[in-house]
Amino acid sequence: MSGIHDFTLASARDALKSRKISAVELTNAHIDAIERLDGQLNSFITRTPDQAREGAKVADEALAKGEGGRLCGIPLGIKDLFCTNGVRTTAASKILGNFVPPYESTVTANLLKDGAVFLGKLNLDEFAMGSANLNSAFGPAVNPWKRKDSDAKLVPGGSSGGSAAAVAAGLVLGATGTDTGGSIRQPAAFTGIAGIKPTYGRCSRFGTIAFASSLDQAGPMARNLQDCAILLESMAGFDPRDSTSVDTPVPNYEASLKRGVKGLRVGIPKEYHVEGMPAEIEALWQQGMNWLRDAGAEIVEVSLPHTKYGLPTYYIAALAEASSNLARYDGLRFGERVSAPSLDGLYEASRAAGFGEEVKRRILIGTHVLSSGYYDAYYLRAQKVRTLIQQDFLKAFENVDVLLTPTAPSGAFAQDEKPTDPVQMYLNDVFTVPASMAGVPALSVPAGLDARGVPLGLQLIGKFFDEETLIAAGHAIEQAAAFHHRPTIHAGVSA
Amino acid sequence: MSLDAKTVTRIARLARIGLKPEEVETLGQDMGSIIDWVEQLKEVDVTGIDPMIGTGLAKPRLREDAVTDGDCRDKVLSNAPEREGPFFTVPKVVE
């Protein structure tokens, strides 16, 4: 059956509704693609083909009656940070290597209620801590893109690297991601797909394994913004089980694609012209401005004066919260246990064996900045700077509707080009972290290829709960960029 | 500046993470360079600024004080690494 891997989520939905294809056919084609290609990509930690086929059968019965939710029969992948009832959920950590949740996260429950079919659980950086998916206890996920002059394995970005790789390679029609400081947007940019980090409080955090609770936000990753909009509409919504969930109606995000950008004021934060940024990324950014201007938007320079403090503030706030959240992995109630004669000895041995290097480093720094005598100097000061960062955005949005920036300061790098200095590694997130700190929504869309043939993304940042304007502006870039390139490893490319 | 072994060991003890001697030195260097880097926040004037607590978007909510969940003991225990009947087991903590 040719063309099945050319479907977007939206076109597959339409083909299912009009019965041009069955959910079982669609699901089987994706299961086959995973079997063929995932040995190279390692994007899945756990595959659930039997459950997927069962779900597809149920979907076909509903579709035959003209029923079924908005995602009826659509095969998706789920980042292995969302608890799935009865299906192992690891957070890519050894400490949760055999954890089988007895309940379902709200986001995945919403997708299932709408008829989605889950193909399995996708790879990530351990506890979502990383920007290259190199910190997984299950081995790194690999970017399906290659440089045109080299066969070196590239990273898919992180932490939602498995989600990004699986979507880009056509193994799933869409995936869930989570974004704490850029973990949806940066991997989306690295793999030539679209991803949305919604406003903090838009998607419930219930049942999503916590990294930094004041920043973690679930969002969709898919091949384009229409697909992301369809997924977001299903994932989002008020949940009484998450005290930070905001009770505001979920709009029709798909409809906002058609809005256009005429008269829209697009802000260009001057502080994002960072030192040492590659010329081709500056050029792509300029190109993005031209595209939006040509589509009828007005480009305005704005200032976000505290931009340079975004990353250090993030690494204090996020790591402090991580040290607190990860205290629950004690080897007693769930997860890996290493026996020892004393209770403290059991904690220390279990946590030493169960956590990877980067997770330990982050817990220790978080513990340090929260410890007696340092709390005011580090944590409290960082939370005050965070207020200033948020005020920068609120002030900018008095004058503009969205902000346009590059998503990341480089394209995907090779696995062996990972910086050894952790601070250098953190710079990957320099453009994505500030929006996370402020809680405002942001997205990444593919906008072009770099000189070596690897995708680059542009980021749009919006006002609280104005994902619709973001999607409208993002779609204008999509239309102008006409990004139809495919990665080297793709389900639709015959060997 | 690298954190000394004593400090790293003290923090690791607070976090209940057992470290091997060779890990202490590397972690001391890494943590030291990250701490040095975040020191730049000291140059920001935060006089009169309140710390950001949440985004201020979610309204505090009250609900009726009633049981909404429970009666699922086996589910709660289903991932226990070691258990005895309906109990989690721990090493002896009282002499």
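Cβ coordinates are placed from backbone N, Cα and C, and glycine is handled just like the others.
Looking just at the domain 'Amidase' (A:25-470), the mean pLDDT is 96. The domain 'Amidase' annotation in TrEMBL covers A:25-470.
The active site, charge relay system feature in TrEMBL is assigned to A:Lys79 (among others). Every protein chain considered, the tally of other Cβ atoms within 10 Å of the Cβ of A:Lys79 (active site, charge relay system) stands at 33.
Among the features that TrEMBL reports, active site, charge relay system is placed at A:Ser159 (among others). Taking a C-beta cut-off of under 8 angstroms and a sequence separation of 6 or more, A:Ser159 (active site, charge relay system) has the following same-chain neighbours: A:Leu124, A:Asp125, A:Ala128, A:Met129, A:Gly130, A:Ser131, A:Asn133, A:Thr178, A:Thr180, A:Ser183, A:Pro187. DSSP assigns A:Ser159 (active site, charge relay system) to coil, not to a helix or a strand.
Among the features that TrEMBL reports, active site, acyl-ester intermediate is placed at A:Ser183. For A:Ser183 (active site, acyl-ester intermediate), other Cβ atoms within 10 Å of its Cβ number 37.
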Under a three-state reading of DSSP, tell me whether A:Lys79 (active site, charge relay system) is helix, strand or coil.
strand
